[in-house]
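Colleague: What follows is a structure written as structure tokens; I'll ask about it next.
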Amino acid sequence: MDSQDHKAPGFVDIVKSWIPRKSESSNMSRDFWMPDQSCPVCYECDAQFTVFNRRHHCRLCGRVFCAKCAANSIPSPSDETKDSHEEPERIRVCNYCYKQWEQGIVPPDNGASIISLHFSSSPSARSVASTTSNSSNCTIDSTAGPSPRPKMNPRASRRVSSNMDSEKSEQQNAKSRRSSDHYGHVLDSSDNQVEFFVNSSGRSDGEADDDDDYQSDFAQSYAQGNDYYGAINLDEVDHIYGSHEAHDVGVKIEPNISGFPPDQDLDSLNTETIDKTRQQENGWNDVKEGSPPCEESFEPEVVDFESDGLLWLPPEPENEEDEREAVLSDDDGDEGDRGDWGYLRPSNSFNEKDFHSKDKSSGAMKNVVEGHFRALVAQLLEVDNLPMVNEGDEEGWLDIITSLSWEAATLLKPDTSKSGGMDPGGYVKVKCIPCGRRSESMVVKGVVCKKNVAHRRMTSKIEKPRLLILGGALEYQRISNQLSSFDTLLQQEMDHLKMAVAKIDSHNPDILLVEKSVSRFAQEYLLAKDISLVLNIKRSLLERISRCTGAQIVPSIDQLTSPKLGYCDLFHVEKFVETHVSPCQVAKKMAKTLMFFDGCPKPLGCTILLKGAHEDELKKVKHVIQYGVFAAYHLALETSFLADEGASIHELPLQTPITVALPDKPSMVNRSISTIPGFTVSSAEKSPTTELRGEPHKANGDLTGNFTSSKTHFQGKLDGNDRIDPSERLLHNLDTVYCKPPETITSKDDGLVPTLESRQLSFHVEEPSVQKDQWSVLSGATEQVTDGGYTNDSAVIGNQNFNRQEQMESSKGDFHPSASDHQSILVSLSTRCVWKGSVCERAHLLRIKYYGSFDKPLGRFLRDNLFDQDQCCPSCTMPAEAHIHCYTHRQGSLTISVKKLPELLPGQREGKIWMWHRCLKCPRINGFPPATRRIVMSDAAWGLSFGKFLELSFSNHAAASRVANCGHSLHRDCLRFYGFGRMVACFRYASINIYAVTLPPAKLYFNYENQEWLQKESKEVIKKAEVLFNEVQEALSQISAKTMGAGSKGSTPNKIKLSLEELAGLLEQRKKEYKDSLQQMLNVVKDGQPTIDILLINKLRRLIIFDSYAWDECLAGAANMVRNNYLEAPKNSAPKVMGRNVSLEKLSDEKVKSIPTHVAICNDSLLQDADYETCLNQGKSFADTSGKFAIPEDVGSDRPPDCRMEFDPSEGGKDNFVESSQVVKPAHTESQFQATDLSDTLDAAWIGEQTTSENGIFRPPSRAASTNGTQIPDLRLLGSESELNFKGGPTNDEHTTQVQLPSPSFYYSLNKNYSLNSRKHIMAEDRPVYVSSYRELEWRSGARLLLPLGCNDLVLPVYDDEPTSIIAYALTSSEYKAQMSGSDKSRDRLDSGGSFSLFDSVNLLSLNSLSDLSVDMSRSLSSADEQVSQLLHSSLYLKDLHARISFTDEGPPGKVKYSVTCYYAKEFEALRMICCPSETDFIRSLGRCRKWGAQGGKSNVFFAKSLDDRFIIKQVTKTELESFIKFGPAYFKYLTESISTKSPTSLAKILGIYQVSSKHLKGGKEFKMDVLVMENLLFKRNFTRLYDLKGSTRARYNPDTSGSNTVLLDQNLVEAMPTSPIFVGSKAKRLLERAVWNDTSFLASIHVMDYSLLVGVDEERNELVLGIIDFMRQYTWDKHLETWVKTSGLLGGPKNSTPTVISPQQYKKRFRKAMTAYFLMVPDQWSPAAVVPSNSSSAEVKEEEEKDNPQAVGNKS
């Protein structure tokens, strides 16, 4: 092989010399090629090299390949500048390197940027223009490619500390102008100069930038030294913006240290290079981090003046120096003043002229931050039982942790590039070293890890080392498990490793860090080169070192062309031996070896070393200090942002320590959470606020009110809490301080906020529950602030308590806040284009984790999203100024609009962002809100989390409700402006209405307040009574006039006159008592009862009719007596007492032989029966066992005097009391009554028995007299029967006439005997003589009052034009009761086992309504399951499904035959037992109705409403009725189970379907209709908008939107969404979706479609009242045809759009999707952690998973 290889070497060399070759660039040196002699075969394919198969070296890795394996070429990464027209040089590479180049690992430049990482630093650079520098003589060198080997070994010089004396002296000079103060809340304008480096490792656009990156940072590492580790001082806390004085850096940096060319300084760099660098440094546009999708936005209406461009013009600057342009040659001098280590700088280095509002807020800020942070750390230590104060010689942990936390936070400036996170927790590591003292704990400005050098002879301590980081392994084989021939392997490996080490050594590194293993040969070669090796380093640790030192990670040795080295001040390895051993540990002492990279130039990481305790205690301290660092960092940023905004906070007392319960300490359940009294910091909901421990506020001039937050602590089980990173735990624990619901202020008159000791934080509760004190937060769903009388959105709370609490209870197990919920904010984001009037991105939910991967710095958000003029909207292609962005959260919306200015704002090249605001509440200046002076945003404010910025904007607690200089709320009352270049963004907060969702209630609510129609009815009754009494009065006057004007021919004229006077007195008394009693009844109101009961009014009307008949008969009798006494008459004929023979004849026909003349009654009305409705509902018998009326003892004294009129010549004026056995003797005329044969009948009747006369006519129940005298009932109440008894007293020879009102039994007989089956009824054809006007008025009303009494004597008049009155009467009829009872006696709620007496013993004044007697009918059943089983069982027989009731009325309006068919009678009755308080309420409501012109429908069917608005009556078509007959059993089952299991449902309950028919026998008029009775979803509501939604916009638009009761459709809602959106809370949205999901699944299962969601917007209560209606239609063949016609477009309309009528499954999907999109969810504390955007297809996915299982969805938590 060798002979072939060297066959003709001379000839080959000669031929090669003839071929012209281009000169190799320095980085293509053949020194790093594999020797030809050691490579006889191809590295890749093992092909033997011959004269014809020549060797080819890869120009990148140096290995030898054949022509086939090295046939690729790439552009040469040469440093030489090429002309634009000249093609770039190409070099040969192997297949492996070519693939690496294609994948982007090897960039097409000089290889310096091995991994291209986009990043940027904080761009504010506000001090560029205002800073001068004297350090322009600083020389900056740069070298391209590998550094030439210096004369003196650089590694040797860095190992001798004495060689650095000159640098140290320069360090002291720089140090004298810097402070050692590290107070953490002071924030630095970190980029106050033009920097020639980037803020993160791994990015370079050129070699000069690579080395410049090191130079700037490295040069300042001298000046900074250890001056970051001084004591924390609060004296200069107010100096936020820092000094911009010149800082001389007079260090002449040696070329062998800096690596810069000696002939290039800062002045030689042109402006273009600086601009390019600034754009690279500040231009976040390089990072195309995709923001989450947006949804359509709803911006509140802006005021008119906002459209005026003058409003957007920036005001004058506060500091004129900020407007000066930068002097580019001086930029390098700012490096030391800037402090490249983090935002926070020593406070005494600030220039007072740059501090804004320092006089007002400095003291408050200092006290707030210092006191709050120390209190937080103290309580964290207290929770872990760690010593806080000094113990002997040992210093307490409180001061140590406070100092270390602030120091670590000071050193941080997180890389906010795409590759770096914002979370400071990822940049701080804590190491526990159980030795030394506590005071020896320190912060290392760099990386500390458990590693050691690979060889003991390698140097372990190097000052100013150069670090080279190599990824992968340093081995020969670059591909795992590759096979080679053994004979060449060893030689090739040694040659390759020599080449690799030589390549490494060419860059002069002091330390080589390798990710994986290193060959033993390579280790020996590195030792010989005096390069310290550290191998097997984890990738994460390698990246940390790279980030802090600035070194780039070279992927492999093949790409090691021009790497970027890292630097630090000191590299050393130390070994620590444990001196503190915990009691549980073995006595053996352990050793720990740590490697230090101290003094790193990048502010991207530090390490805290904890000493002075055993391992267990240090772990606890580690836990606390991780919290402390994050809190300090976060407080610092927010404090700086607060200062930039010019806000002020109150200086509040710091007396009570706070308590924080740690999530990983579940055993300590007694850890309460309280706060510092009267104090809140600006960290919004993530910082502790204040609370009083039940003691009054101490006098404080700055304390104007109590602060409270909306954040509610929670109970719930957290899994894996120990895995939560420290920043998450800290944010959560800071959140737990904000756990007072609004009721803590509103419920206390003395203004004290109770402690939260009773609201303990528990993370391990087996069954998550909501504590009682949290309900106010849920029901209010708002946050309150009481600060000097300033309250936000407090009016919303009271109107939402009931419904929101109901929603909370209905879904207690849904979503409870977890630890992750408190470290992020969930907002709804939307974007719309104003220029085009289109929605670019629909509203969607976006969760931003604070300082997380999806978060952005505030400044970067402004630059990328709002100020980038090159970025256009992908939806509408319009620029940023054409759009409005809207973020909504809780009770507010933040609207962001952008405009372009006519002139540039200063400082665009330096990245200056200007801030100012205009107060909307201050007096206008020239018609515009006054503006503050504009200032430049500080770097710390620039780096504030945008998520936290949003939280501050939305929060209502005191930390966010900061006060501007004018005294108004900064976020609520001011327009906030941010400007950059020509662009200005305006942020405006506006309160929004968040609606609660109200589903149809399971138990219907009946409003018992006075209703207008009831008032009208009661007035009509009074009017009719007055007409009656006036007529009686007139008749009495006429009769009396006859007695006065005619001569007496009788023997007792005086007695007759006296009797008439007594009758007149009785009339006046009755009139007065009637009015007084009725008025008293109307004025006495009881809860849950009708103030005016229509059933009482009906009974009164019926009784007045009987009263009119009695008075008419009485007056006729009186007139006959006058005629008999004063006129000539036969002596042997007795007077006709009853006056008219017609009535007596009809009574005789009814087999009423006599009327008892002396019936003892109580002074109570029939309306007073205490158990009236109870009888109706439970079937009680109210006849006592003796069959007698019981007389209450307490009313005996109120019994009125006897009201009879009698005149007896023998007895004079003495009352004649007759025993009950006495009867009126016949006076030889047929007009006298015989009563002897009625005694037994009446007794039986009163007890409740029924008798039938000989001719089959129903005999009424009656009652025998029980006392020895005639008692007229108490007439003080109109409700009493007007008992006008005519009584004929016994006489011997001379006849005696006694005139009395008829006894109660007379009217009772009339009530029971009044049967329209008899054409000879007394009153049906009666023509009144004396009360004709009243009778005419009554008949004219159309009420048929003389129908037989219903069950339990209910009086329900029938109106021919009101079908519900026919239904109501049918439901109370005995025929209906008999059909309903059947064989199932237990379900009989209208039992008639006992007769209901008209005159019971309970005083009417004790009752105001029949509702006192109502009993929930569901009590008669054992359980809901029994109801369902019985209900289904009864449906097995068709004859049991429907009940048919017929009756006839022969009243004065005419004879009519009525018929009512009750479909599914028993099932509906069982449903009403569950849904209605009682059957009586249902019947009472149906008693009256009115025709109603319902809008929105197209069916043109009959609609009616019950007069109390409780029910809707809708005509049902034949098809709908047939459909319901089919799916009726499924409907009853679904609705009953939903109610019993409390599963959400939005179905509007149908409580009955009836067929009503009537036929007038005269004229033949007929009426027949099928109707359903449905609950009125809009009962007792005032709606501003009403929608009927089907989920389709096709033909769903109502152009008439002006009417008050106009029903709007889908397209109307879609059009209104941009301007008047409907916002709902997260729980309300989930409740709505669950209900709709359940109902649509059920409706689809029974093949129902074309239903609608009726939505009423109640702005008074902030509620959405909704329910699904019109679900009676199944998808039958006609609907199939309609779908086809509408789809084809034969009858008009778009052909491609989906019709409104589609299959049930398609309808369900479309309906769900639309209802989800129509109602926008505003995130709140109940929002789930994982959010699915509203416009996603998740509904369809869930549908397949839970198909046809709506109950599972409803019950799932």
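Glycine residues also receive a Cβ, built from the backbone N, Cα and C atoms like all the rest.
OK, Swiss-Prot features for this one:
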type	residues	note
BINDING	Cys42, Cys45, Cys66, Cys69	Zn(2+) 1 binding site
BINDING	Cys58, Cys61, Cys94, Cys97	Zn(2+) 2 binding site
COMPBIAS	317-337	compositional bias 'Acidic residues'
COMPBIAS	1729-1739	compositional bias 'Low complexity'
REGION	125-193	region 'Disordered'
REGION	276-297	region 'Disordered'
REGION	313-346	region 'Disordered'
REGION	684-709	region 'Disordered'
REGION	1729-1757	region 'Disordered'
ZN_FING	36-102	zinc finger
Colleague: Fewest other Cβ atoms within 10 Å: which of the binding-site residues Cys61, Cys66 wins that one? Let me know.
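Modeller: Looking at the binding-site residues Cys61, Cys66, the Cβ with the fewest others within 10 Å is that of Cys66.
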Colleague: Counting every protein chain present, what is the number of Cβ atoms, excluding its own, within 10 Å of the Cβ of Cys69 (Zn(2+) 1 binding site)?
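Modeller: Here the count is 19.
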Colleague: Does anything in the same chain, at least 6 positions from Cys58 (Zn(2+) 2 binding site), have a Cβ under 8 Å from its Cβ, and if so what?
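Modeller: For Cys58 (Zn(2+) 2 binding site), the qualifying residues are Val64, Phe65, Ala70, Arg92, Val93, Cys94, Cys97.
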Colleague: Sort out the sequence-distant neighbours of Cys45 (Zn(2+) 1 binding site) for me: same chain, 6+ apart, CB within less than 8 Å of its CB, listed by position.
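Modeller: In sequence order, Cys66, Lys68, Cys69 meet the Cβ cut-off.
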Colleague: Do me a favour and check the Cα-Cα span between Cys42 (Zn(2+) 1 binding site) and Cys61 (Zn(2+) 2 binding site); whole Å is fine.
Modeller: 14
Colleague: Please report the number of other Cβ atoms within 10 Å of the Cβ of Cys42 (Zn(2+) 1 binding site).
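Modeller: I count 22 other Cβ atoms within 10 Å of it.
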Colleague: Which is it, of Cys94, Cys97: the one of these binding-site residues whose Cβ has the most other Cβ atoms within 10 Å?
Modeller: Cys94
Colleague: With a radius of 8 angstroms around the mean position of the C-beta atoms of Cys42, Cys45, Cys66, Cys69, what other residues of the same chain does the Zn(2+) 1 site pick up?
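Modeller: Those within range, site residues removed, are Val41, Tyr43, Glu44, Asp46, Ala47, Phe65, Ala67, Lys68, Ala70.
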Colleague: Give me the DSSP three-state residue breakdown of the zinc finger (36-102), ordered helix, strand, coil.
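Modeller: Counting residues per DSSP class in the zinc finger (36-102), I get 11 helix, 14 strand, 42 coil.
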Colleague: Setting Cys58, Cys61, Cys94, Cys97 aside, what same-chain residues sit with their Cβ within 8 Å of the center of the Cβ atoms that define the Zn(2+) 2 site, listed in sequence order?
Modeller: Arg59, Leu60, Gly62, Arg63, Phe65, Ala70, Val93, Asn95, Tyr96, Tyr98, Asp558
